[in-house]
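Novice: Here you go, one structure.
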Amino acid sequence: RLRREAADYYRGHRVPERMEEALNALFPLCPEDLYGELANYLSKFSKAPAICKLAGRKVFDGVGQPTLEVEIYCTVKNYEKRICSTVMATHSQIPENASPETIEADEKERNVSVHTAVEWVNESLSTILRDLEPTDQCQADKMLGEYFANKVEEKKEIEKQEEGQEGKEKKEEEEAAKVVPAPALHPSAPASKPKKGGKGKKGLVEVKPIPPAEPAKPVLCGSLAIGGTSLAIAKAGATIRHVPLYLHTALLKHAQETPKEMTLPLPMVTLLNCEKNSPTKLKLVKEVMLIPPAELSFKQGIERVLDIQKEMTRLLESPGKTPGPQTDSKRGKAQKSLAPTLKGISRLGCLTTGYDSLEQLLLQMQIACNNIDLELGTDMYLALNCAAHELMDYGKEKYEILTGTFKSPDEMVAMYVEMINKFPFIIALIDPLRKEDREQWSSICCALGSKCYLIAEDAATQISKLKTDQNINIAMCSGIVLKYINQTKVSDLIELTRILDGQRHITILGSPDGESSDESLVDLAVGLGARFLKLGGLSRGERVAKYNRLLAIEEELAANGALR
């Protein structure tokens, strides 16, 4: 009876038929490992791997801050198997000059957020995504999005209840006190009078106030779980399909059509980090980045960047040979200008220094390039990250570009126009203005849009907001920097890059401040067709690993004849 049942079972699954097909197919080949080839042949009839569990744990990023690791386990041919893992990079909204209390509060919040994210992954998400095929990225991200939306609503409901309770207690206190404040007897301020001109009276010039800073959107505690799980599923899908992550990402973006050729993004390599809270005067520039010419291979471009970095290191370590005193032509006197010195390597993996003027910085860059027979504007180009949101003095309603030197938003536009005309080798400005200065964004794009890239990083706000409101500075800039952080999902990046491609804007994938050793960002940039890749410098292991990954992808695409 058991034999008959077994025979019926195997015949029902066409086992005899498929065994005969396998033997007939393999006999002419006479493989050395016959059973291995039989296993390979029959494996295509097995069930598709499905997620059986997720595992989340607290780990540390490249600067020692806590972050989240997500592991994916799948049922593969009846066995539980670990497929892959991903470590999320972390992004801090705390400015450089934050108080110790603010930094301490941020660290506590980060620890709580990572702890919550680990709970979400190990409990809720592991259950929700069980039995889902990791190749179904759209469905996975849809489920993750719904889960996150529910968490947001739960948070709002809790806050609403807390506000209601606080309001009730306050009302009770007021009724109990019943204190009526006495009317103020202070004299009113005198009305301002217009100044008299040379002839007659001139009306007051009305100064338009600057738009106030938009409050930072709060990050939901635990949101790292969403981004980490989405990326881990994408990596698992690529592993199961036996393709690299960059190709898997391209297939997701292009509706499973394999691209004939792929283009590598141009690297924006951070050479200098100019500390805005340093004793030196220049505050306008936060990062100086090198962009190799497009006609060079990635390998050639990186080698050229390293040559410049070595020469800049030499100049900064011997400040006596670098530009120092500058002449004030109006007074005919020499102004003392401190020669820039090397202060170390920043968390961005680049040289940390400071300058007293933009001209001093750019002159030293030109000297470094000339010393190794390179010319800025031909053999290498510059991009400046101004991080303008960190420059605004809200008391004066002006940007502090140098210590004690302030400019209005309109004056900033005029300054940038003069800068680019004077230094045409600067081909990109990142965050030249705050995101709130929309009129000036429009003005600077009209004036400089054909001469250099005007890129929004902080000014681009969150990816989730960009998807719902595509008018946020996108129409007024050349492109935006996208960062894979918090609740960002792979499908979000795919959707937003499609929007940017359709509007003929460029995409830059950027590395957050707290980078991890995970190299997935590079694959995402290649698969999404990003124009630039902003990874930081070439002096920290977690960042250099990404540049090495891009080198490997270039070799692989070239070997397959798929490198455009």
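Here the Cβ of each residue, glycine as well, is placed from N, Cα and C on the backbone.
Just so you know, TrEMBL annotations never went through curation; they're auto-generated.
Sharing the record's features from TrEMBL:
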DOMAIN    51-249  domain 'Enolase N-terminal'
COMPBIAS  157-177  compositional bias 'Basic and acidic residues'
REGION    157-204  region 'Disordered'
COMPBIAS  178-192  compositional bias 'Low complexity'
COMPBIAS  193-202  compositional bias 'Basic residues'
DOMAIN    261-564  domain 'Enolase C-terminal TIM barrel'
REGION    315-337  region 'Disordered'
Novice: Grab the same-chain neighbours of the compositional bias 'Basic and acidic residues' (157-177) for me: Cβ-Cβ under 8 Å, and only residues 6 or more beyond its ends, written as numbers and ranges.
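Specialist: Here no positions qualify.
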Novice: Can you break down the compositional bias 'Basic and acidic residues' (157-177) into helix, strand and coil residue counts using DSSP?
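Specialist: Each residue of the compositional bias 'Basic and acidic residues' (157-177) counted once, the result is 21 helix, 0 strand, 0 coil.
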Novice: Mind looking up the mean pLDDT for the domain 'Enolase N-terminal' (51-249) in the predicted model?
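Specialist: Per the prediction, mean pLDDT sits at 84 for the domain 'Enolase N-terminal' (51-249).
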